[in-house]
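Undergrad: Per TrEMBL, domain 'Translation elongation factor EFG/EF2' is recorded for 110-226. Per TrEMBL, region 'Disordered' is recorded for 318-347. Among the features that TrEMBL reports, compositional bias 'Basic and acidic residues' is placed at 333-347.
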Amino acid sequence: MYARFVYRFTRCVRMHGLELPHSTVSLSSLLSLALLLKFTPTPRLDSTPWRPASPQILMDDLEQPIVPFYESVHFWSDHTVMSKSRDTRNRLYMKARPLKAGLAKAIDDGLIGPNDDPEARSKILHEEFDWDKDLANNIWSFGPNTTGPNILVNKCKGGAVDEIKEFVVAGFQRASNEGPLAGERMRGVCFELCDAVIDDRDLDELERQIIETAERAMHAAYLSATPRLLEPMYLVEFQAMEPDLDVIHRAMYDKCGHVFKMEEMPGNSMLYNCKAYLPVMGSVGLFADLRAKISGEIFTRAVIDHWDIMYPDPMNAETEPGKMVQETRRRKGLGEMKRLSDYEDEL
């Protein structure tokens with residue numbers, strides 16, 4: 001049963017355009033890749049019964065690699081955006097900003113979350129992440145799925161917005177689950193509700209109007225805050241002989257990787273323990289290429305370590321991030337990407 005699971009999982013990995021770093025498949029490798037693959041909203045899986053695949057099919061799967069990414073922001077919103085409800089009777093004012101480095105991971109790791117004691121959470125956010133205490137005390141939600149690495153806060157004074165809180169939160173869950181660039185999940189984004197003008201009195205109508213308006217306002221705020229993509233990064237640990245280190249360095253550099261540690265193996269001055277960061281996208285085919293180029297053996301292990309910002313602008317279709325966005329939109333059938341003006345309204 002385990003062997004069959006490994007085979008099927010390996011095929012799934014390859015269908016996503018990824019590669020297991022070595023031929024010996026460990027449980028930790030499978031779990032690391034499973035963690036990565038769960039962030040792909042539309043994996044290319046078939047519903048046919050399991051059967052062995054030919055080498056040609058697996059090679060075809062690698063021709064169009066699908067590597068998941070997050071949607072994030074790089075700066076604060078350059079202005080407060082405003083979106084109206086369909087009936088024009090309600091208005092929401094929003095801003096977006098990036099979470100401070102380390103906060104998204106702290107949320108991932110369960111160090112900060114929706115079930116924390118509010119006072120204790122506020123203290124951590126203030127002391128470790130420089131949050132204003134009042135802002136930290138007004139967190140409305142984490143998202144997506146109420147536990148994700150994005151935060152919604154209320155900056156409105158008084159309790160006038162309490163009646164729409166659950167509807168704004170619902171819009172936040174939708175917005176953070178499917179960003180405006182390519183319908184991918186967001187990461188490391190804080191949305192601030194700055195003001196609200198509410199005129200609808202019917203609760204059912206208010207719910208319908210506010211959820212949609214909140215999602216539009218957050219997408220507008222996102223696009224006003226310098227959008228960026230985040231790509232998954234491997235931590236690659238490998239052992240290699242000294243004569244092969246230059247080849248490995250060049251190969252990593254060509255794939256936008258970075259070797260940051262090299263140590264001689266105790267008792268063997270010719271063998272080195274090395275560590276590198278490597279984009280998952282760049283890992284496709286790399287390990288096989290290295291084994292073909294170097295004279296000795298190379299033993300590798302790769303796990304998802306963190307997510308790095310991609311430059312430049314993903315809204316420019318001529319850039320590499322822009323091409324990724326366009327390809328993802330085509331694959332999902334999303335049509336032409338909307339602009340800020342499609343989400344933001346005027347008084």
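Any Cβ shown, glycine's included, is placed from N, Cα and C.
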Undergrad: Where does the mean pLDDT land for the domain 'Translation elongation factor EFG/EF2' (110-226)?
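TA: Within the domain 'Translation elongation factor EFG/EF2' (110-226), the model's average pLDDT equals 95.
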Undergrad: What is the number of residues in the domain 'Translation elongation factor EFG/EF2' (110-226) that are helix, strand and coil, as DSSP sees it?
TA: 53 helix, 21 strand, 43 coil
Undergrad: When secondary structure is assigned with DSSP, how many helix, strand and coil residues does the compositional bias 'Basic and acidic residues' (333-347) contain?
TA: 4 helix, 0 strand, 11 coil
